[in-house]
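Q: Dropping a structure here in structure tokens format, bear with me for questions.
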Protein chains: 2
Amino acid sequence: MAKANDKSRDDADLASPRKRGGPSEATQARRQRQVDEKRRVILGAALELFSTFGFHGTSVDQIAERADVSKGNLLYYFRNKDELYASLLRELLVVWLAPLRAFDPAQDPADAIRGYIHQKLIASRDNPAESRLFCLEIMQGAPIFGDELIANLKRLVDDKRTVIEQWIAQGKLAPVTPHHLIFFLWATTQHYADFSFQVEGLTGKTLRNRAFFAEVERSLCDIVLAGILPH
Amino acid sequence: MAKANDKSRDDADLASPRKRGGPSEATQARRQRQVDEKRRVILGAALELFSTFGFHGTSVDQIAERADVSKGNLLYYFRNKDELYASLLRELLVVWLAPLRAFDPAQDPADAIRGYIHQKLIASRDNPAESRLFCLEIMQGAPIFGDELIANLKRLVDDKRTVIEQWIAQGKLAPVTPHHLIFFLWATTQHYADFSFQVEGLTGKTLRNRAFFAEVERSLCDIVLAGILPH
DNA sequence: GTCTATAACGGGATAGAC
DNA sequence: GTCTATCCCGTTATAGAC
């Protein structure tokens with residue numbers, strides 16, 4: 001966020017001719033808030049479109065229209081389409097990885113996993129677009145955001161691998177391969193976001209349906225926990 | 001395939017001026033084989049590119065280059081880009097759904113599920129591009145192949161739902177929700193194809209590594225079977 | 001900061017020679 | 001059947017008025 005804003009701030013310095021002494025700090029802060037708000041709106045529109053139609057399937061014009069700004073104006077806030085896309089991914093990465101980050105060796109593994117599934121299903125229900133965006137990006141080999149994404153993932157996963165290993169050493173978990181357990185949790189929970197179109201087509205329901213949400217959560221917890229708690 | 005070929009055959013009739021009586025049946029058959037072969041090469045190139053870069057991220061030019069034909073020539077075999085894409089999906093649908101189709105009420109459910117996981121992992125190892133192609137298509141709401149794809153899926157899934165229900169009625173399976181079991185198997189096995197880039201980035205291995213393949217298979221079977229066999 | 005106009009480019013599809 | 005040349009459109013990005 002900080003980095004992404006550097007540019008707009010630089011441009012603003014050039015573009016708005018100041019009287020001697022410049023505007024008050026309050027005025028500057030207000031302007032900055034308006035700038036941030038507009039960036040937020042544009043990023044929101046970009047998220048919806050990129051996650052549905054992909055990077056190449058979405059035009060800057062479409063994003064501008066959805067965000068209710070002109071294309072020229074959009075390209076004042078983001079240097080080009082690539083930067084808009086990268087900003088979007090960078091901003092969402094932290095929140096997208098949050099549920100896994102919560103894993104802690106002090107927790108009971110069953111609680112931790114139940115909690116993870118719950119959090120991830122809520123995210124899949126409320127923010128399916130984010131999930132789809134990362135799905136698309138990773139599936140295509142992360143061509144744009146690339147190394148940054150994988151490097152972040154790797155740091156987190158290495159960290160959580162040791163947590164799972166501790167649980168196993170303490171006899172609290174069956175000897176599963178940590179990587180596969182993590183992939184397993186990712187795959188099953190994200191499925192309901194990434195393939196919501198298919199899930200809805202086949203079952204007629206989405207995670208927004210209370211009963212369906214509970215059913216998914218129970219099914220996943222039952223299967224996973226039965227398979228990984230010490231026998 | 002039959003439908004897709006109608007057009008080329010029509011065009012061939014128009015394009016190649018025949019002497020009275022026309023070419024021998026043997027000659028016609030040979031030509032047809034060459035036509036089929038060329039279509040196959042083009043479809044193969046299209047599969048690799050579409051599954052990696054998506055429909056909009058791939059140009060007809062790139063496909064032509066990879067298939068070693070000119071763009072003009074490619075568009076002689078496929079009316080346009082959309083038709084090429086739809087032909088590809090239609091042709092792969094049957095083989096892609098084959099592993100699930102094998103589910104049979106006479107089988108032991110543990111055997112059936114072990115067999116499914118094995119088949120699907122082999123497919124994920126040997127034909128990851130097909131898996132990614134369907135993943136992309138379904139994730140984007142199946143805009144092009146659309147209703148045809150969902151209709152096919154629905155027929156198959158409804159069929160297998162009753163198989164699973166029978167297993168449960170016979171006490172051979174814990175009372176799982178059939179849909180969720182199916183989603184579960186899809187999600188976990190396809191993960192290794194669709195996210196192979198991520199899997200490799202994090203573990204340093206792919207399904208082509210013998211030991212890794214066995215590890216994945218064992219992990220999946222252990223977890224799933226422990227969770228769904230009658231307790 | 002915001003808009004319109006337009007330059008510059010790439011892609012899909014067709015025409016027509018061979 | 002195959003190729004090259006070309007048309008035409010949509011798209012990105014910039015220039016410049018306000």
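Each Cβ is built from the backbone N, Cα and C atoms, and glycine gets one as well.
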Q: Choose the correct range: of A:39-58, A:59-78, A:139-158, which one does TrEMBL annotate as DNA-binding region? Give that range.
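A: Here TrEMBL associates DNA-binding region with the stretch A:59-78.
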Q: With a Cβ cut-off under 8 Å, give me the same-chain residues at least six positions beyond the ends of the DNA-binding region (A:59-78) that come close to it.
A: 8, 11, 35, 38-39, 41-42, 44-46, 48-49, 84, 87
Q: If you average per-residue pLDDT over the domain 'HTH tetR-type' (A:36-96), what number do you get?
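A: Average per-residue pLDDT within the domain 'HTH tetR-type' (A:36-96): 97.
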